[in-house]
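S.K.: Right, I'll just put the structure down here and ask away after.
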Amino acid sequence: MSSCMLFFTVIIAGVFMGTIATNYCNLKSCVNYGNIHTMCKYTSSTPASTCSKWEKAGLTDAEKKTIVTLHNQLRRKVAAGKETRGNPGPQPAAATMPDLTWDNELAMVAQRWANQCKYGHDACRNIERFQVGQNVAIRGSTGENLSTVDQMILSWYSEVDLMNKKYVSSFPKDDTYKKIGHYTQIVYGNTKTIGCGRIFYKDGKWNQQYLVCNYGPAGNYPNAPVYQIKQ
């Protein structure tokens, strides 16, 4: 490994609203908005030609466990009223915030999108059961990419530093959400499941690691509470 390495991290949070039928290609909310579901648009389960020199795709069972465990540790911390950070903080305790469980369908759709190596959000990712939110992160290195999934998740969560506690009762509808959306999706009270995908690939001098996590039901609805505050 080179003794001199460059690193960068870019993260995005978002949500796409709508419901879908079992047949991804017949999703009305996609068609109505001129969009195509990820599973319909990209039919191959192998990485696309846009992933130049991809090395490996997917997550190990241990990494999946880490993703779920870390999310739940963070959710429990906030729910218990132990998160003192914010702008201003502290973050209020939650009346209820269930633990997340791993969802294979969410993971399948997330991996399909990751396999395109197109940084950003896919146009339509919902499943029949619920609407789906999404956090996306990419981390690059000029040497060996040793970033871990927990580091990428913690980078999302670090947006709590910018979270005004008043937004817990009403998620902002202006561009403020771009600064806090990763954090709020992680702790969204109505979200119960998570599924993620990941790929390593080469982009010029950068060795990229691209992580996509899908959440259901989705969070980050304007003017709606992030979670119910404990009275």
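All residue numbers here begin at 1 and follow the chain in the order shown.
Note: Cβ is positioned from N, Cα and C throughout, glycine not excepted.
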S.K.: Say which of CYS4, CYS25, CYS30 is recorded by Swiss-Prot as the disulfide partner for CYS124.
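M.R.: In Swiss-Prot, CYS124 forms its recorded disulfide with CYS30.
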S.K.: Can you tell me the CA-to-CA distance separating CYS196 (disulfide bond) and CYS117 (disulfide bond), as a whole number of Å?
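M.R.: For CYS196 (disulfide bond) versus CYS117 (disulfide bond), the Cα atoms are 14 Å apart.
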S.K.: Counting by DSSP, what is the helix, strand and coil composition of the domain 'SCP' (68-215)?
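M.R.: Residue counts for the domain 'SCP' (68-215) by secondary structure: 51 helix, 36 strand, 61 coil.
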S.K.: May I ask which of the recorded positions CYS40, CYS51, ASN145, CYS213 is closest to CYS30 (disulfide bond) if we compare their C-alpha atoms?
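M.R.: It is CYS40, whose Cα lies nearest.
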